[in-house]
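Asks: Dropping a structure here in structure tokens format, bear with me for questions.
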Amino acid sequence: MILFKFFLACFSQIKSVWLTFINIFSKRETRMYPEESLSLSSRYRGRIILSRNSFGKERCVACGLCSVVCPVSCISLKKSTLKNNKWYPKFFRINLSRCIFCGLCEEACPTLAIQLISDVELSEYKRQDLVYEKDDLLISGQGKYLDYDFYKFSGVEVGTKNKGELDFESHPIDVKTLLP
């Protein structure tokens, strides 16, 4: 019995050395990140930004939907009103140390102001540096969604066209015709 355990231990050692020897010549799985670029998925959700419209004005109307839908409550903002009765965020703050990058804020935003881009370098030395203010989040461009203006489409009358006559609308359904 002792001799059997001895041969089993020797076989285990030889097998370990053999596996190590074989894997020396195989392709390395680890990537050296800064030198080798990462290939990210097209649906990757990274850093959060606030975008502007095509006229250079910020898109955010401070509706608060992003703050409400966030499961970890990492978004806080305060609404203020301009002279022309349009809302804007007086402050907009995201705590990225709490953010789970789920993308629900991007889906809830009616103006497409908040967007998640494919930036992976988000590390900081202090936790306080992971709290981003509006000036840190606001970019000069339009982000992923070009030529979209919320005020151009919301609440604008089409003119003489009835509901369902435009090419991007479907005709309204009369629910009385669906009854048995």
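Placed from the backbone N, Cα and C atoms, the Cβ positions cover glycine too.
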Asks: Can you match one of Cys102, Cys109 to the [4Fe-4S] cluster 1 site that Swiss-Prot gives for Cys60, Cys63, Cys66?
Replies: Cys109
Asks: Check the Cα-Cα distances from Cys109 ([4Fe-4S] cluster 1 binding site) to the binding-site residues Cys70, Cys99, Cys102 and tell me which is shortest.
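Replies: Checked the binding-site residues Cys70, Cys99, Cys102; minimum Cα distance to Cys109 ([4Fe-4S] cluster 1 binding site) goes to Cys70.
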Asks: In the domain '4Fe-4S ferredoxin-type 2' (90-119), how many residues does DSSP call helix, how many strand, and how many coil?
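Replies: Helix, strand and coil residues of the domain '4Fe-4S ferredoxin-type 2' (90-119) number 5 helix, 9 strand, 16 coil.
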Asks: Give the sequence-ordered list of residues that share a chain with Cys105 ([4Fe-4S] cluster 2 binding site), lie 6 or more positions from it, and have CB atoms under 8 Å from its CB.
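Replies: Long-range Cβ contacts: Ile48, Cys66, Ser67, Val69, Cys70, Ile75, Ile114.
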Asks: Validating a neighbour-count step here. Other CB atoms within 10 A of the CB of Cys63 ([4Fe-4S] cluster 1 binding site): how many?
Replies: 18
Asks: For Cys102 ([4Fe-4S] cluster 2 binding site), write down the residues of its own chain that are at least 6 apart in sequence and whose Cβ falls under 8 Å from its Cβ; none is a fine answer.
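Replies: Listed in sequence order: Arg45, Pro71.
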